[in-house]
Amino acid sequence: ETLQRIVSTLVNKNDEIHNFIDMLNHTISNVQVNSSNAISELDEEFDGLYSVLHEMKGSMASTIQQEEARKIQALQDQLSQCSRALESSEELLELAVQSLDIKNPVELLEASRQIKDSVTVASAFRLSLKPKVSDSMTHMMVDFALEKRMLQAVKFLPVPKAPEIDVAACLVADNCITISWRMPEEDSRIDHFVLEYRKTNFDGLPRLKGEQRWELVDYIKATQYTLSGLRFDTKYMNLRVQACNKAVAGEYSDPVTLETKAFVFSLDSTSSHLNLKVEDTYVEWDPTGGKGQEKIKGKENKNRSNTASPKRSTNSPRASARGSRDRFAGESYTVLGDTAVESGQHYWEVRAQKDCKSYSVGVTYRNPGKFDQLGKTNSSWCIHINNWLQTTFSAKHNNKAKTLDIPVPDRIGVYCDFDGGQLSFYNASSKALLHTFRTKFTQPLLPGFMIWCGGLTVTTGLQVPSAVKTLQKSENGLGGSTSSLNNVA
């Protein structure tokens, strides 16, 4: 047995060596191919450089030739003017010499007067005897000393250094993460950055096992980036950045872990009324799922359709999963969240379908009565929307209702400060405050939802928006408003 183990170990080691030899041969082949590719790219770069220099030479030579032609034309024009002036001056000089031979004083005087007038206006006296342009072309010379030094300094592109993430400048807010970083030293060759992130439940460095895969954001030109539209369904997020130049990517920065803890829950199908169809974060009125009209414990189940509904088919996976645990009955068309709020500040949002006739959004203590409706007991708080015949909007608690004289928003945000004893509802789009309950919560709270006709979609894993935090600080600073529905439960 010992010999077999030794032989088996040796066989395994031989297999490892064979695999390693194959890998080395493959690596050698890759080195040869990559080297050939690098030489080809080098040739292309230098050919491009030669092409640029040749184009520059042609452009500069053309400029010199244009300057030469301009100067020669100016000098030739000046030469022509001088030739014409000289010709006119010689004719006048010959006429003056001939006049000296005149014997008649009157004729001599007249000839002298004409010569004097001609000399006075002669072009020879108006000429500038200085060349209009110089023959120097030194101003067209170029000095490539700097460029030569730059070319001599050309080297292979270095591997960029790892960026450094500025944790103090990173921000987690409004379901977004803004991450900021810097290079340890200035590098003008950096072309772009690559950001990688992944969700985790570990608050330390990334671990090898039990982690989600890295998500990648490429070609970031700035040294800051905002990840938006996130759902914080884990407690933390790992982030790392690498710098890239034209040729190669550098090492990743040391990863950082930012806390992204948020309240995450699903709708508990085992807690729902039979007339509700529940799927994770969506609940829909299902008139075919109830037990029909029947009297339970002396109370008549007044079905609004006034028609008996057949029992839910046992073939339904939801029905089989729920079994006989009918948490709510009668007109308590309710479903609860599967996670309780026991401390801290939390936020979630609800969107109702346009055809919803009636629905409520709120919280309740655990174990409400089978026929209890949200807001009609001293252990539940909600806002209620009724679109039957005419729209009514109200806040309910302990079977008391306060009408809210404001438009019903498309999405409702729920803010629960368990320790501070505050439950607020917001317009999720504008973050305008709809209503606030103030009380002292003495038991864990479960998110609760009631619906009749239509559907509700719940969005969780959201952080408390900055606008809500600002409103809370302002409201708390002013002492807040006390609703007549609020009490210490």
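Using N, Cα and C of the backbone, Cβ positions are placed for all residues, glycine too.
The annotation compositional bias 'Basic and acidic residues' is assigned in TrEMBL to 292-303.
Feature annotation from TrEMBL assigns compositional bias 'Polar residues' to 304-318.
Among the features that TrEMBL reports, domain 'COS' is placed at 100-157. Mean pLDDT of the predicted structure over the domain 'COS' (100-157): 85.
Annotated domain 'Fibronectin type-III' per TrEMBL: 159-263, in sequence order.
Annotated domain 'B30.2/SPRY' per TrEMBL: 263-467, in sequence order.
Under the heading region 'Disordered', TrEMBL lists 287-327.
Sorting the domain 'Fibronectin type-III' (159-263) by DSSP state (H, G, I as helix; E, B as strand; all else coil) yields 3 helix, 49 strand, 53 coil. Residue counts for the domain 'COS' (100-157) under DSSP (helix as H, G, I; strand as E, B; rest coil) come to 30 helix, 0 strand, 28 coil.
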